[in-house]
Amino acid sequence: MTNKLRIYEFAKLLEIQNKDLMDILNKLNIEHKNHMSALEENDINLVLEYILQEKEKEKEHAEKRRERLPSHKEGRSGERQAKTFDEKKHTRHGEKASHPYDKRGEQKLQQKSQQDVRQKFDREKRERHQEAIAKESGKKLEGQERKAVVHDQKVVELFPQQEPEKRQAAKPKYEVAKEQKIEKRYQDKVAAKQKTEKATKHRKQLFNVDELTQEEVTVDREELEKIDKEVEDTLLEEEYLQEKHVRRGKKEKLKKRSKEQKEVLKLQTKTVQEEKKEEIVKIPEKITVGEFANLIGKPAAEVIKKLIMLGVMANINQEIDFDVASLIAEDYGFKVEKEIIKSEEEILLEDQEDPEETLQPRPPVVVVMGHVDHGKTSLLDAIRNTNVTEKEAGGITQHIGASVVEVNGRKITFLDTPGHEAFTAMRARGAQVTDIAVLVVAADDGVMPQTVEAINHAKAANVTIIVAINKIDKPEANPERVKQQLSEYGLIPEEWGGDTVFVNVSAKKKIGIDHLLEMILLVADLLELKANPNRPARGRVIEAKLDKGRGPVATVLVQKGTLKVGDYVVVGSTWGRVRAMIDDKGQRIKEAGPSMPVEILGLEDVPTAGDELVCVKDEKTAKTIAQIRQERLKEEKMQQSKISLDELFERIQKGQLKELRVIIKADVQGSVEALKSAIERLSNDKVTVKVIHAAVGAITESDVTLASASDAIIIGFNVRPEVGAMSLAEKEKVDIRMYRIIYDVINDIKAAMKGLLEPVYKEVIIGHAEVRQIFKSSSVGTIAGCYVLDGKITRTSNARIIRDGVVVYEGKLASLKRFKDDVREVAAGYECGMTFEKFNDIKEGDIVEAFEMQKVES
């Protein structure tokens, strides 16, 4: 099979244009139509032979031109001017001026003939002059001697006389052998310069001698011509070699320069390539092929080829992940970085750090923490001179309270976290928004489990701890034992060489309260607490509830900026416009600065405690962010419920699980979370407690409907059911329970869980009946006319049909009648009619055995 090439492919191989190749084909009479025509192997060989011949011709032509180069230096000023004048003259007359090298041989021959004529004329003139002198003096002998002298000094005397006329601007020469002259001329530039200077000096001396002596010279004509020829040959050879050396020097310089330029170009190209390699591209987690191609500046088709080579089949609109895209980008020499794409929510809520000059001192936020009944609320009561403890149900703090205390003209914000273990989550949130934690430990009880928990929360939140040893007024108080116990957890007193402040106090007798406040301010000064009040507000929700008259109410601690009435805010998954703000003393205010707790009204829904409050520019932004968050919460709930249901189903199938469903309604969000956490922790291997709904507010009809459909109980904490909800609950037989103390909730649920455990049952046979007649009914199916043999048959009892000693059915009665009336039971000796659930294959003579499952008391 012959090899064929298209014209454009052959031209590309030869590195010539298609047009030039087609011209060659025309010269060789090779048939073709256009650049897409195919060439046979013979045609290709003909073209190659033609190109080689042309190159050989060019080479021969170049050699001929090189041979015709001038034999002596073209550069004498008079000749140069004449040549330039002739060229200009020819050009003015419309003739094209030829290149200086084109007719160099002819010019040199003309110059040589002109020199010969000039030399002959000079020689004849000198001869006539010498003959005249000889006739007058008659001293021929002397002339002959002079001739011999001249012969000895022929080059020295004749050359200086002829040179000024023949070579107007040429440098003077001195007598040296031809080989020595050429060798010395090109070996050392410095030596050549020195010799030139010597020659100049020697020439001047010779001219001076001639001028002074003015001696008569007689020279033989043939000898003079011979001398002239030798001198001229020497000069021509020397000038040619010099010119050749100059040209060679220029070529070497050009080669050197081109080499340097190539090296510079290589360095520049390398630098550009390195810069290109160092070019960074940021690629997101997912990107379409088209977008990726535009990003790296490559054709999409080329990128798709690379993908295919990697085993990824994708078109221009399909997405590729970061790993695949980074492989291709690195292959092209890019440095890859992963682009972190911010969501719309993150862009809208992006927070920037405040410059140092805008920051101002702010009050410290102090949280009071400790074990239950160690006197946290009593201590806070003593500090703020209020009486909160008596108002709390059971004397236990149920939700977070916030207050501001002024000490020596400076403000301190206090948060009170509940002490019961069910409020762990609330205490953790309290620790996250505070600067200082006051750990209250009873001097008589010492360190308790929740004390350790409080220490861990404070340390995790990087909060400075001040220990308040309370109840020192009691006789059994032992502060030193408390210090010893706390030192085991890293809280070492200052007097022991540590850095933890310990203060002995008595909340009941108000001992050491002032010292505690001074220590709080001292620690706050060391922390250098600052914030920028002149910016949009940001804060945290401490507590939230649904008020019957005011709607959703949130207690917020402002952390940055200033919150004003009328501001649009986003709080968790809800939003709103601040309609009113109420401080800790119950007074309405218009603005709240950093570290100030306030109640805000105007939210669309009840937020979750711990949610961040962010002030935004307008209503549209607030709605957009809230909507995004709500959708995300829905997705998360769907995913979580799917996972939990899968796990639940697996355990139910194994027969290991029973479920108690609970609906929780409470007055504040903190109580909702605490109850939910406490109830769900009651689950064990046999019974699972599942909170199917938890919210803030009164018990509504929708809650009752949900409980009825889900077979759940409703727990109300500090709330009452609506009128319609109560009546609906009675109708649907839904269990609603009201509580004010969390202990009661836990105890009741434990009792309910015990009732759900699988009891032990036994089978009790209550009677037998015989089928004596069969009736067919289109509406109810087969009816068995029976006679009760013994015991009794009840409507709620289970039935077993025995035929020839074999059980053919076991199930429930569908109906029990005497004549046309439904009855609850039929005693022995009476006739009755019976139907069975999903069973009609009844025959005369079958025995019906009625039985019940009775619980065995443990």
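Positions of Cβ are set from backbone N, Cα and C atoms, glycine also.
Among the features that Swiss-Prot reports, region 'Disordered' is placed at 59-147.
Taken from Swiss-Prot, the feature domain 'tr-type G' covers 361-530.
The feature region 'G1' is assigned by Swiss-Prot to 370-377, with similarity to another entry given as support.
Asp373 (GTP binding site) has a Cβ environment of 15 other Cβ atoms inside 10 Å. In three-state terms derived from DSSP, Asp373 (GTP binding site) belongs to neither a helical nor a strand segment and is classed as coil. Look at Swiss-Prot and you will find 370-377, 416-420, 470-473 tagged as GTP binding site.
What Swiss-Prot lists as region 'G2' is 395-399.
For 416-419, the entry in Swiss-Prot reads region 'G3'. As a whole-number mean, the pLDDT of the region 'G3' (416-419) in this prediction is 58.
What Swiss-Prot lists as region 'G4' is 470-473.
Summarising the environment of Ile472 (GTP binding site), the number of other Cβ atoms within 10 Å of its Cβ, over all protein chains shown, is 20. Cβ neighbours within 10 Å of Gly370 (GTP binding site), excluding its own Cβ and spanning all shown chains: 27. Note on the region 'G4' (470-473): DSSP counts are 0 helix, 1 strand, 3 coil.
Cβ neighbour count for Lys376 (GTP binding site) (all protein chains, 10 Å cutoff from its Cβ): 27.
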